[in-house]
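So that you can see what the record holds, here are the features copied from Swiss-Prot:
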type: BINDING; residues: Gly170, Asp171, Arg172, Gln173, Thr174, Gly175, Lys176, Thr177; note: ATP binding site
type: SITE; residues: Ser363; note: site 'Required for activity'
Amino acid sequence: MINIRPDEISNIIRQQIESYDQEVQIDNVGTVLQVGDGIARVYGLEQVMAGELLEFEDKTVGIALNLENDNVGVVLMGPGLDILEGGSVRSTGKIAQIPVGDGFLGRVVDSLARPIDGKGDIDATESRLVESMAPGIITRKSVCEPVQTGITAIDSMIPIGRGQRELIIGDRQTGKTSVAIDTIINQKSEDVICVYVAIGQKASSVASIVTTLEEKGALGYTIVVASNADDPATLQYIAPYTGAALAEYFMYKGKATLIIYDDLSKQASAYRQMSLLLRRPPGREAYPGDVFYLHSRLLERAAKLSDALGGGSMTALPIIETQAGDVSAYIPTNVISITDGQIFLSGDLFNAGIRPAINVGISVSRVGSAAQTKAMKQVAGKLKLELAQFAELEAFSQFASDLDAATQAELARGQRLREMLKQPQNSPIPVEEQVALI
C-alpha cells in the first residue's frame, strides 16, 4: 500500500496554484434578432461603443450606429447573405480604421482602403481612424497659397486657395466631374497629392476616369477611392471619410493635398437609406436630423495647417448634383453653407456650347482671392464685372433695333471674353498663359 503524506499533497496543490497562469478573455457577444436590407438588429451587446466594428459568424463586419435600450442597430459592410437570425455577433473593441501610407499613390481602392485594381497588395506604414477630429482653430492658418485648376474662368474669377472648401454644383451632365479631373491633371507640376472619391458611381465611369488620369500622367500622384453603385449603402456612406483619412496622412506630413468628393448627394442618399431602415425619425425630404453634421464633420477636416504642424494643407472640392437647377433644395443649401464658395455649372450654358459652363454671376470664392497671384489679380480684377455687364447688355440688345458705337464695342469685347474663357476638356492651361491670354 502506498504511503500518502498529507504535507506532500498540500505542497503539490500549492505549487499548482502558484504556477496557474491563464489569461481570462471576456468576449462581448450578442444575438441577431433580425437581419435584412443591409441592417441587423442585435440583442445582448451591453458594452458596445457607437461606431464600433462588430463581427458576425460569417465574418461580415458591421458598424454599430443605433444604441437603443434593448438592442443595437448595425449597418452591414457586406452582403451579409449568410447571417441568420439567432446567430452570434462579437464586438471587436475597435472603431473603423484603415491602413495608410505612400504605397497608396497610383492605386484604386474600395471604401475600406482594400486594393481593387488587380496590382497586388499595398504596403501600409500605419493606420488612421476613418472618422477623426478636424483640426482646431489654433492649429490652422489662413488660406494664402493658390490651387491652380488650369481652368481660366476659375483661376481668374473664382480663385481657390490651399485649405479651402469650394463646392462644384450643377445639374447632371453639366461637366462637374470634368472640372475636378482637369484640376487633378493640372497638379502635375505643383507637387500636390490628389485623392478622388467616387461615391455611388458606375464602375465603367470610374474605369474611364482612371484611364484618363493614367493617359495624362496624373495617376502617379493620385489615389482613387471607389464605392460603386452596387455596393452596400454603408460603403457609399463611409467612402468620403476613407478618402479624407488618406489625404490627412499626407497633410500631417506637411504635403499639400487635394480631395474631390464625387458626389456628396449620393452619400446623403445612402445615409438616408440607412437611417430610415434603422427607424430614425425622418425630417425634411426624409433625410435624418443629423444630415448637416454628416457633411460638416467631413468638410471641416479640410484645412491649411499652421507652420508648427508642418504647413500641410487639404483642399476639398465637394460635388453636389442639383435637380433642374434648384440650388435651394435641402442638401445643396446645407453644403453651400458649409463651404467657402461655390462654382455653379449651368445646363443652359452647357447646351449653348459654352464649356466649362460656369455661371460666373452666382459663383463665388469667399477666401480664395487672398491666395490669388498678383499678376492674375492685376489682369482679372474687373473681369467678373465686365462679364456681368455684357450679359445684361446682351439681354437688352435683343429688344433694341439700333445700338450706339460704345454699346457695340462693349458687346464685341464681351463676346471675345466669353470665347477666350471657353476651354476643351482635359486640357488645363498654365497660369502664365492664362495671364497672357486675359
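Cβ coordinates are placed from backbone N, Cα and C, and glycine is handled just like the others.
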Where Asp171 (ATP binding site) sits in the secondary structure, as DSSP reduces it to three classes: coil
Which of Gln173, Thr174, Thr177, all binding-site residues, has a Cβ with the fewest other Cβ atoms inside 10 Å: Gln173
CB-centroid shell, 8 A cutoff, ATP site Gly170, Asp171, Arg172, Gln173, Thr174, Gly175, Lys176, Thr177, site residues removed: Glu321, Leu345, Gly347, Phe350, Ala357
Candidate with sparsest Cβ neighbourhood (10 Å radius) among Gly170, Gly175, the listed binding-site residues: Gly175
Site of maximum Cβ density within 10 Å, from binding-site residues Arg172, Lys176: Lys176
Rounded inter-Cα distance in Å - Thr174 (ATP binding site), Ser363 (site 'Required for activity'): 15
For Ser363 (site 'Required for activity'): intrachain residues, at least 6 apart, with Cβ closer than 8 Å: Met157, Ile158, Gly341, Gln342, Ile343, Phe344
